[in-house]
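Colleague: What TrEMBL records for this protein is below:
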TRANSMEM  A:22-42  transmembrane segment
TRANSMEM  A:54-74  transmembrane segment
TRANSMEM  A:86-108  transmembrane segment
TRANSMEM  A:129-149  transmembrane segment
TRANSMEM  A:161-185  transmembrane segment
TRANSMEM  A:194-216  transmembrane segment
TRANSMEM  A:236-255  transmembrane segment
Amino acid sequence: MNHQHTEQTSTMVEVNGLFSQTLLGIPFVVALILYIIAFVVSRQRGREWPVYRSVFMLLGVFLALISVFGPLAVRAHMDFTYHMLGHLFLGMLAPLLIALSAPMTLFLRALSVKNAKRLTRILRLKVTGFFTDPIVASILNIGGLWALYRTDLYMAMHESLLLHVFIHIHVFLAGYLFTISLIYIDPVPHRRTFMYRTIVFIFALAFHGILSKQIYAYPPDGVPTSEAQSGGMLMYYGGDLIDAVIIVILFYQWYQSKVPRSTALQPSMVSS
Amino acid sequence: MSKRNIWAGILFGIGTMGFIDEIVFHQLLQWHHFYDRSTTEIGIISDGLFGAFAWFATIGGLFLLADLKRRNRFNALRFWGAVVLGAGAFQLYDGLIQHKILRIHQIRYVDNVIIYDLVWNLSAAIMIMIGIIMLRSGNKKDREGEAV
């Protein structure tokens, strides 16, 4: 058993070595650089960009980076609780913060009219509409987590560099897709009703909670019971907490869309 | 718009009771357990669905309340009556279905848990009754208001 353990540790270092950490970190750094360039170009054209949006982007990229690069990422490979903390950052909090930074809006402002039109055309494609459907995004996101923790995938991730990189990219992208399928910050050509998004979201949150209890009750292969318990609880409560922010934003947008006519008139009356 | 006060109240009541259950019985008293070995598979599923719903209900109920306020349609007696009714209904569902039938966890891990079960479910029934009485007097007040 001791022998097996040392063998595992040596492969772990490879899978989670500097190479894979860098590989996973680069896209976030590139995204941040693109965001800054778009910010500068947009300002040069005389358009102000809210400071809080840029702060959201910085925070989001920071959280994504520390979950794939550095001490937390290394620790996450050995301790399931840290793994779960990293996943909360990479799959939930970072996507939420980056979605709130409205990157697509900023890029559309910075691009030339021709290119902006091209980008809009991509957003309008049917396939984009398919992936931004909350049901599809939820299956990719929550379904992906079920596949990771309820099959041999979690074990395999620790042995294959390719799987390790793929799963981490998937966790972020699926988390981002999930967030933007529920709350509309950037332009969304394929819009779904608030009721539809709410119902899908309730089930998504439910299956997130169910999975975290399953992990608590039946630890994934290779995970000690105590780590599965603290990791499961972290997933359960952390997920509730971050999703509460998305629920508040979703319901606030709903609330805003139903402004009664009498109060809706007031601002325009004041300005005129 | 009378129904809106009731819906807002019921949702907020369910959510609040779920919240109290979590904060008081799970975290502060630590009577409830996150999971115990007799928890059934269906219990985990039911708890997940209901927990998620209660979480949405808390926040959604508050937004419905804000909507009633901005429309000047808020009826305090009816809203709070529905809150108590919703809270009682949650408590009864939790006490009978979730604790006993689905065996998610017990109220407290002691020998004579039956006493806890009785107090729990009786208080739920009392809350439901108080809620209904408040709703009725809210309706009455409304009718008198319309007559004037």
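Cβ coordinates are placed from backbone N, Cα and C, and glycine is handled just like the others.
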Colleague: Against which stretches of its own chain does the transmembrane segment (A:194-216) lie, if we need a Cβ under 8 Å and a gap of at least six residues from its ends?
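Modeller: Sequence-remote neighbours of the transmembrane segment (A:194-216) are 134-135, 138, 141-142, 145-146, 149-150, 178, 181-182, 228-229, 231-233, 235-236, 239-240, 243, 246-247, 250, 253-254, 257.
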Colleague: Determine which residues of the chain contact the transmembrane segment (A:22-42) at the Cβ level, with the cut-off under 8 Å and only residues 6 or more beyond its ends counted.
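Modeller: Beyond its ends, the transmembrane segment (A:22-42) has Cβ neighbours at 49, 54, 57-58, 61, 64-65, 68-69, 98, 101, 103, 106-107, 109-110, 165, 168-169.
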Colleague: Restricting to the same chain and to residues at least six past its boundaries, which positions have a Cβ under 8 Å from a Cβ of the transmembrane segment (A:86-108)?
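Modeller: Here the qualifying positions are 31, 34-35, 38-39, 42, 49, 53-54, 56-57, 59-61, 63-64, 66-68, 72-73, 76, 116, 119-120, 123, 141, 145, 168, 171-172, 174-176, 178-180, 183, 185-187, 234-235, 238-239, 242-243, 245-246.
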